Amino acid sequence: MAGGGEAPLLEGKPRVYFDGCPGCANDRRKAENLGIPYGQFFHIWIIILVSCASYMLGRALTSTAWGMIADRIGRKPVIILSIISTLLFNTLFGLSVNYWMAIATRFLLGSLNGLLGPIRAYAVEVCRTEHQAIGLTLVSTSWAIGLIIGPAIGGYLAQETLHKHKLHKTEDQGIEDFAEQQNSSTTNKSLLKNWPLMSSIILFCVTSFDDMAYTEIFSLWAESDKKYGGLGFSSEDVGQVLAVTGASILLYQTFVYPRIVKVLGPVNASRIAAILSMVLLFTYPPMTHLSKPWLSVVVNIASMLKNNLVVTVVTCSFILQNNSVPQEQRATANGLATTLMSFFKAFAPAGAGIVFSWAQKRQHAFLFPGDQMVFFLLDIVIFVELIWTFKPFLAIPEQIPRS
């Protein structure tokens, strides 16, 4: 063993560490530091801010490929290249001299930005099992903030966590045990045949579709005239609601969500969030009968609840995804999830806009008139989410030992 030394216990198991192996160095750090790795989480939070300018189509076409590359050569090179691409093509976009140059730079920005898959895998790998929810929570938190303020600053402080060393049968029993653990991983297993992974990705995609459709409909509904079932808000009013909601997401994911998922687990938390979301949406159409200032208060509360419930399901699906594959496949798995999610989100705004326009023409219908039909259809999407959290649809993965 090349400078291995004694191995501390990691989650109750003796480990052997190899000098020069980034994965072993990371595992040793986790074993020796039992607290929450705020430093690494802060780096992840900053990096995610940069990725929010990704162009959806380019990201959809290349996310899986970037995840596979990250699993092959490591997280660090992909993160470096993605940050450089983000800075370069954001600058070129700002210097665009015509429309097509702007479109081309946005597409290249999305195509060459492979951050999301590797960074989610990294968020799981830098912390112990009991801290996974916090890591993924901060990823989602920084994403939400980035959607509001845009890409601000990126930094490179990450360390790849793939193990890079050779094991020999002539070493002591500890190395043999370690080798058995490494060889037992399902590295060559097709992700598409991994139903625990694919079922959690489907849950993620359906929830993302619901989130994007709701976001599109909420703004249209809030700014519509009250005679059409809307709230009669101004653009400034809607902006204030979204700002308050964004701040609530930060607080919720930082202080509340980790405690909820610790008590309920990701599956039960998703089920409860889906049920509450369905009930909440039924309260939206009657809000148009309220007058200010109660209308503003109720809408802000409803918006905060709805968005935080969506965040609950999304983050829980991240936990299920990352526990469905071994470490060396996590970036590819997250890249695949991002690819499929991007396609769902690409169609959601157009579909939501069409449904909203159709609903405006049926204000006096007998069944679900006007905007009631819009929120009823959103409830159907959430009902699909709820059904999917039960067997045989959602396959709950067993905790995969971290290599």
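Cβ coordinates come from backbone N, Cα and C, glycine included.
Listed features, source TrEMBL:
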type	residues	note
TRANSMEM	38-57	transmembrane segment
TRANSMEM	78-97	transmembrane segment
TRANSMEM	103-123	transmembrane segment
TRANSMEM	135-158	transmembrane segment
TRANSMEM	238-257	transmembrane segment
TRANSMEM	263-282	transmembrane segment
TRANSMEM	294-320	transmembrane segment
TRANSMEM	340-359	transmembrane segment
TRANSMEM	366-388	transmembrane segment
Where else in the chain does the transmembrane segment (340-359) make close Cβ contacts, counting only residues six or more beyond its ends and a cut-off under 8 Å?
-> 56-57, 59-60, 63, 201, 204-206, 208-209, 212-214, 216-217, 220-221, 370-371, 373-374, 377
Are the transmembrane segment (263-282) and the transmembrane segment (294-320) close, by which I mean at least 3 Cβ pairs under 8 Å that are 6+ residues apart in sequence?
-> yes
Tertiary contacts of the transmembrane segment (294-320), defined by C-beta under 8 angstroms and 6+ residue spacing from its ends, are 120, 132-133, 136-137, 139-140, 144, 196, 200-201, 203-204, 207-208, 210-211, 214, 218, 222, 231, 233, 237, 241-242, 244-245, 248-249, 252-253, 256-257, 260-261, 266-267, 269-270, 273-274, 276-277, 280-281, 283-284, 287, 334, 385, 394, 396-397
